[in-house]
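To start, the structure under review is shown below, and the notes come after it.
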Amino acid sequence: MAENDKNAQNTQIPTVIADTVDIVYRVNGTGGGRGSATAALNRILRRKQAEQAAGVRKVHAVKKVSFVAYRGEAIGLIGTNGSGKSTLLKAVAGLLPVENGRIYTDGQPSLLGVNAALMNDLTGERNVHLGGLAMGMSREQVRERYQEIVDFSGINEKGDFITLPMRTYSSGMAARLRFSIAAAKDHDVLLIDEALATGDRSFQKRSEARIRELRKHAGTVFLVSHNNKSIRDTCDRVLWLERGELRMDGPTDEVLKEYEAFTGDKAPKPKPKPKPAAKAPTPTPRPPNQPQTEPNDTKVPLPS
Amino acid sequence: MSQVLHTPPPTTSAPAKTGTGTDLRALAARHGLSVSGARPSLPEYVRQLWARRHFITAFATAKLTAQYSQAKLGQLWQVMNPLLNAAVYYFIFGVLLGTKHGVPDYVPFLVTGVFVWTFTQSSIMAGTRAISGNLGLVRALHFPRAALPISFALQQLQQLLFSMAALVVILLCFGVPVAASWLLAVPVLVLQFTFNAGVAMIMARMGARTPDIAQLMPFVLRTWMYVSGVMWSLDRVLADHRDLPSWVGPVLQANPAAVYIDLMRFALIDSFHANQLPTHVWLIATGWALLAGVGGFIYFWKAEETYGRG
């Protein structure tokens, strides 16, 4: 796969370059044992030295990850829970500062999602406007796309719900509206974090189609998912993160085979690439509690 | 299986692994990629912020409307809230403590003070939580973060405009004549808004780093309120206490809250005369606005790339 990438390098234009990236979270108030009030005071008085001593814990979420993504690629990010996938995605989007190393991007990568900008007390209609503006669309663009967004979400299929406050929506309806707003904009570099998991089946189908469409317009797509099937369907390259480290980087089939062996998920059965045949996004049951399965702690000495 | 798993990431992952960093950096430079999450230059930042102006206003209006959307009386609370507030202060300071003696048009005087002060107070309070209370938004979407404190200050300005409508009614009820000087309220509001937005940005940065400040601010703000002559005439109080050091008076009267409150009273109430204002009052008002507005903006921008960490 190394030569595969070398070829790519010659012919293609890089859009995202991660250069030995480290990401560290600092968590306040985990000081156990001693009275945490004094620990906090201690922390304030002697900033740096006291960090470890007084309740601030560092979580090294991503360790020395390097990769180059090229235009036209769709890259899947896989790994067990807590392996740093979403964190890495946020750093690529420039939303989380990196501790060491650099991430270079072409244009502004955007995370697919507007949940945080929406307000439950406002009507769906106003949320469409607010969400669109929050993503950086102009007022005219929002107005143009408005009908399209509402139709896509299917909120109005069962009556005029778009003029009701969002708090009155069922959780599925709200999720559909959120996805519809988020997917309304074209992006250079698109980052998707398990967005496919929302809504009922017919909506899932529509969202998959929409994501394929976005892919066509976008330079590069990153997809975080625990659903190996949707990774197979959408991605041609996969990065496998484990405990914050880049375990593998290569074509989807190769990496997924190893990953499935690692998680003990359908390991023995060598799975030939299930090409589109049945497009219905049957929600392949996500292997629950993956990290607890055997290989994780026992057999595999991770290079650290 | 274990073979592959033992493979250290370096060999499997992509092209430029040989010289750590330099190759990748060169590759990035060759294709003109920019560092993700880097702080834009100040002019660029201003440009980005301007491009998001519709988001800023929409966000402010949305927050304002969402505030009372569950209440039965709905948006009526926009006006009721400040009025009830003023009524409480009137009861305590006007009736019980008798501060109203010697202050002509005490009710308009008090209500103007309370409304104008509330604008500054809530802008600063909202600014303190602008980043720390909206981490979800900051971590999910890309926009110049200064949009948040500015948007919160704008929300408070909209709130104040509702209050001002109520204030006009009160003024007319208490027989304060309509005068051309009412137009002065507009420049006062512009200056005060600039000041508030600036302080909100300063507090937003501090609050983002140390969320505990939000706990402290109510006490600071209450102290500030009492020394700014919201419920009494600073002029009169100072006249009653001649034993105070001579610098206390000018300092109290030049503090931004007092300046904006007194200017607004001067604009709206005809029995509030220019001689109750400190000298060069417009200069002071503009100075505070520029100092806080420009200084706060630059101070906030300096930490732009760090918001959302944690």
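Any Cβ shown, glycine's included, is placed from N, Cα and C.
According to TrEMBL, the domain 'ABC transmembrane type-2' annotation covers B:73-303. Under the heading region 'Disordered', TrEMBL lists B:1-20. As annotated by TrEMBL, transmembrane segment applies to B:82-100, B:106-126, B:160-178, B:184-204, B:281-301.
Highest Cβ pair count under 8 Å relative to the transmembrane segment (B:160-178), across stretches B:82-100, B:106-126, B:184-204, B:281-301: B:106-126. Count of Cβ pairs under 8 Å against the transmembrane segment (B:281-301): among B:82-100, B:106-126, B:184-204, the largest is for B:184-204. Nonlocal intrachain contacts for the transmembrane segment (B:184-204), taken as residues 6+ away from its ends with a CB within less than 8 angstroms of a stretch CB, comprise 116, 119-120, 123-124, 126-128, 130-131, 145-146, 148-150, 152-154, 156-157, 160, 164, 213, 217, 256, 260, 263-264, 266-268, 285-286, 288-297, 299-300.
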